[in-house]
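Going by TrEMBL, these are the annotated features:
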DOMAIN    22-131  domain 'Response regulatory'
MOD_RES   Asp72  4-aspartylphosphate
REGION    1-20  region 'Disordered'
Amino acid sequence: MSTQHTSGGGTGGTATDARSIRVVHVERDEGVATLTEQYLSSTAPPVDSRPIGDVGRVAAAVREGVDCVVTDHRPPLTDAGDVVDAVHGVDPDVPVVVFSAAPDRNVAGAAGAVAKRAGLEGLDRLVDRVVDAVGRPDRE
């Protein structure tokens, strides 16, 4: 797969965009959450990402309808394993991807892990992993 971005930075997908991949991102670092959301919205296919600051709201987001959950290994007040449990307690078919500075740790039930890296390489890999996890065709 190759990374390709829409021109002009993109505006992100919307709930009505049939091609958009709906993602919630559980992240303790607001700066990382904002950067990730902006980057994901500029990709092809578009990823409609919204940050969630705590695991308590993950189950509600899954009930509302998401295609994938992205989580830090240690989101606020919990860990990635608890996020996987919360997601799969509502819908076991929703994949969870761990996006962390410590991706070498296995998280039972996660669809994979991607390393946070300086620059865009980690974000490119995150998009590829999300697209793979939700079973969408290769990125354009």
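Note: Cβ is positioned from N, Cα and C throughout, glycine not excepted.
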**Message:** What's the number of neighbouring CB atoms sitting within 10 A of the CB on the residue listed as '4-aspartylphosphate'?
**Reply:** 23
**Item:** Helix, strand and coil totals (DSSP H, G, I; E, B; other) for the domain 'Response regulatory' (22-131)
**Value:** 44 helix, 25 strand, 41 coil
**Complete:** Model confidence for the domain 'Response regulatory' (22-131), as mean pLDDT, reads 88
